[in-house]
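Engineer: Please see the structure below; I have some questions.
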Amino acid sequence: LQPTLTYWSVFFSFGLCIAFLGPTLLDLRCQTQSSLSQITWVFFSQQFCLLLGSCLGGVFKRTLSQSLFALFASSLAISLVFAIIPLCHNVVVLAVVMAVAGLAMGCIDTISNMQLVKIYQKDSAIFLQALHFFVGFGALLSPLIADPFLSDTNCILSNSTANASSNLPHIRKSLVPHHPGNLSHYDLPMKGMVVTRVSYAFWIMALINLPVPIAVFFLLYKERMVPCFSSSSHPLLSADELALETRPPDKDDLPSSLQRPQAAAGGHDDFFSCCQSKNFRGASFTYFAVHITGALVLFMTDGIVGEYSGFIYSYAVEEPLSVVHKVAGYLPSLFWGFITLGRLISIPVSYRMKPATMVFINVVGVLITFLLLLIFSSSVVFLFVGTASLGLFLSSTFPSMLAYTEDILQYKGCATTVLVTGAGIGEMVLQLLVGSIIHEQGSYSFLVCGMIFGGLAFTFYALLLFFHRMYPKPSS
């Protein structure tokens, strides 16, 4: 129970850190006295280092001790980042601080998913659903904490403040967590007296996050892995434990308390170790096909999450819908709210339903939702209904796919690392791709792109089912 709750709490840190940047970015622009084009590079530094941290996180997960120390350092780094951000008065320093946060988030993403899979294996689906619920919970909470401290008018007072303030609600709603949008045509003052209270929001989030590294430290202490406490507190092995130490153990014979450290030591390596030739010896082509098709499904579905949350506001305010800015601003919140609700619903559902069935329902639901959004593209009401539906269907795709793919490979492949990396790359690449297409072809291409990505996700999932049938069954 304690390790599971600890991994869940660490993923709450991940969610808390991923969603605050969008609503607070204008106040951070004032704090650093930078232009909009300069401050949006902070998005890139966080997202790029998150992907890099996901790849490198595997270096720390070869043993339980390394994993827990990495989680402790990462969760503590997130609290320190929240505390330091109000002190960053230069945009380059802020980008470096957010890069550190991105690395910490990437390590948390890879290690927490991996450790839960190792502990529970065939029973991991329900615990992975709960894990990803905590991301959504954190992502909902941080904008709510920040909202009372955001500036109602432009936070740099100058002669042009009155004109710039009329654009402020539109710009703020465009700055969603995943994509800053095209803001180069907005002119905001860069020099003048800075008036912002956003520092209090970051200090509150630092305090809220502080119990997380403390919880990881207590787990390290319980497992006797803290150097200053571990040397004198090791008890003598009991007769049963001594017997287990001196013979090759059967996995089913081990108590769960002994299975956890052992499970953490084997079966998985980091992203670069997965690419070594020794892992490929004797592997059939279906071994590689399962990894690749599973990663491609998440490349598409996580890419849809990023591009939809990033551009739904811009799509709604433009013709033919022309939704007023204040109403359109609820769409990203509605999308993330239903992702969180869907993850909560998926916890009991995954107890009754196989991960393969859940993924099938998810990808078919995404495809049908985009089709209906295209058919009723002139309806504002259906845009809200479709946004909620899309959030529900996308919510449980990642944990269900992770549980299903690891189950196919009998927990001996590199599925977790490959899938986490594929999802991160998809979120970055598809946002850039869709942004450029919308700029060239117009807002209607936003839904067309979503439809194409949904169709590709369904195609790759059908290929994964085909390769699952061909994959060699475990010997009795």
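Cβ coordinates are placed from backbone N, Cα and C, and glycine is handled just like the others.
Positions annotated as transmembrane segment by TrEMBL: 7-26, 38-60, 67-85, 91-112, 124-145, 200-221, 285-305, 327-345, 357-376, 382-404, 416-438, 444-467.
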Engineer: If we call contact 3 or more Cβ pairs under 8 Å (sequence gap 6 or more), are the transmembrane segment (357-376) and the transmembrane segment (285-305) touching?
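Structural biologist: Yes; at least 3 Cβ pairs under 8 Å.
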Engineer: Cβ under 8 Å, sequence separation of at least 6 from the ends of the transmembrane segment (7-26): give me the contacting residues as numbers and ranges.
Structural biologist: 39-40, 42-43, 46, 71, 74-75, 78-79, 81-82, 98, 101, 104-105, 108-109, 112, 115-116, 130-132, 134-143, 145-147, 150-151, 155, 168, 171-172, 175-178, 180, 198, 201-202, 205, 208-209, 211-212, 215-216, 336
Engineer: Does the chain bring the transmembrane segment (91-112) near the transmembrane segment (444-467), so that three or more CB pairs sit under 8 Å (pairs 6 or more apart in sequence)?
Structural biologist: no
Engineer: Does the transmembrane segment (285-305) reach the transmembrane segment (67-85), going by 3 or more CB pairs under 8 Å (6 or more apart in sequence)?
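Structural biologist: When sequence-distant Cβ pairs are counted, the transmembrane segment (67-85) does not touch the transmembrane segment (285-305), since fewer than 3 lie under 8 Å.
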Engineer: Same chain only, please: residues at least 6 beyond the ends of the transmembrane segment (444-467) with a C-beta under 8 Å from a C-beta of the stretch. Say none if there are none.
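Structural biologist: For the transmembrane segment (444-467), the far contacts come to 286, 289-290, 293-294, 296-297, 300-301, 303-304, 307-308, 311-312, 314-315, 356, 359-360, 363-364, 366-367, 369-371, 373-374, 377, 405, 430, 433-434, 437-438.
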